[in-house]
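Quick look at what TrEMBL lists:
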- Glu65: active site, proton donor (ACT_SITE)
- Asn52, Ile53, Glu54, Asn55, Ala56, Ser57, Tyr58: substrate binding site (BINDING)
- Cys63, Cys96, Cys99: Zn(2+) binding site (BINDING)
- 11-133: domain 'CMP/dCMP-type deaminase' (DOMAIN)
Amino acid sequence: MPETNTTVDERVWERLQDAARGALQHSYSPYSRFPVGAAALVDDGRVVTGANIENASYGVTLCAECSLVSALFMSGGGKLVAFVCVDGQGEVLMPCGRCRQLLYEHRAPQLQLLTVSGVRSMDQVLPDAFGPENL
Ligand code: THU
């Protein structure tokens with residue numbers, strides 16, 4: 001099998017930002033009017049996306065990262081190598097704390113995140129994380 005190229009260069013970030021912006025159209029955010037789109041590169045080269053899906057019971061809202069993780073599993077699983085999420089203007093957005101935990105569970109060891117402060121590792125955005133190894 002040919003080796004999958006999961007090198008995360010500038011082209012990958014552009015592609016992921018485009019995919020995240022495309023995902024915005026699937027957002028269901030009538031309550032906050034704050035659509036979020038997310039996209040990630042998987043360790044087999046796939047790109048998965050997600051958008052926030054809100055609920056009249058506000059706390060039941062699914063963040064864009066939740067639907068991204070669902071898409072990850074429903075399209076074959078794997079581990080996340082690169083991630084970005086964007087706001088309704090298409091600008092890079094910081095994933096919320098809960099979603100950093102969500103991403104941590106499904107990260108490849110080398111997961112990188114494009115953030116408002118530039119490219120960061122999982123450890124930088126969620127230091128001393130609690131994970132499966134703590135159970
Ligand atoms: N939101 C996400 O989808 N992901 C984040 O990481 C930050 C927040 C959504 C949840 C809610 O639908 C809206 O943004 C406003 O909080």
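Glycine is no exception: its Cβ is also placed from the backbone N, Cα and C atoms.
The structure displayed is predicted, hence computed values, not measured ones.
In this structure, none of the binding-site residues Ile53, Asn55, Ala56, Ser57, Tyr58 sits close to ligand 1 with a C-beta under 6 angstroms from any of its atoms.
Separation of the C-alpha atoms of Cys99 (Zn(2+) binding site) and Glu54 (substrate binding site): 15 Å, rounded to the nearest whole number.
Closest to Cys63 (Zn(2+) binding site) by Cα-Cα distance, out of the binding-site residues Glu54, Asn55, Ser57, is Glu54. All chains included, 18 other C-beta atoms sit within 10 angstroms of the C-beta of Ile53 (substrate binding site).
For the binding-site residues given as Ala56, Cys63, Cys96, Cys99, the lowest number of other CB atoms within 10 Å of the residue's CB is seen at Ala56. For the pair Glu54 (substrate binding site) and the residue listed as 'active site, proton donor', the Cα-Cα distance reads 13 Å.
The two recorded residues, Ser57 (substrate binding site) and the residue listed as 'active site, proton donor', show a Cα separation of 19 Å. The residues of the domain 'CMP/dCMP-type deaminase' (11-133), classed with DSSP into helix (H, G, I), strand (E, B) and coil, number 45 helix, 36 strand, 42 coil.
On the 0 to 100 pLDDT scale, the model's mean across the domain 'CMP/dCMP-type deaminase' (11-133) is 98. Ranked by Cα separation from Cys96 (Zn(2+) binding site), the recorded positions Asn52, Ile53, Asn55, Tyr58, Glu65 are led by Glu65. Taking the binding-site residues Asn52, Asn55, Ser57 in turn, the residue surrounded by the fewest other Cβ atoms inside 10 Å of its Cβ turns out to be Ser57.
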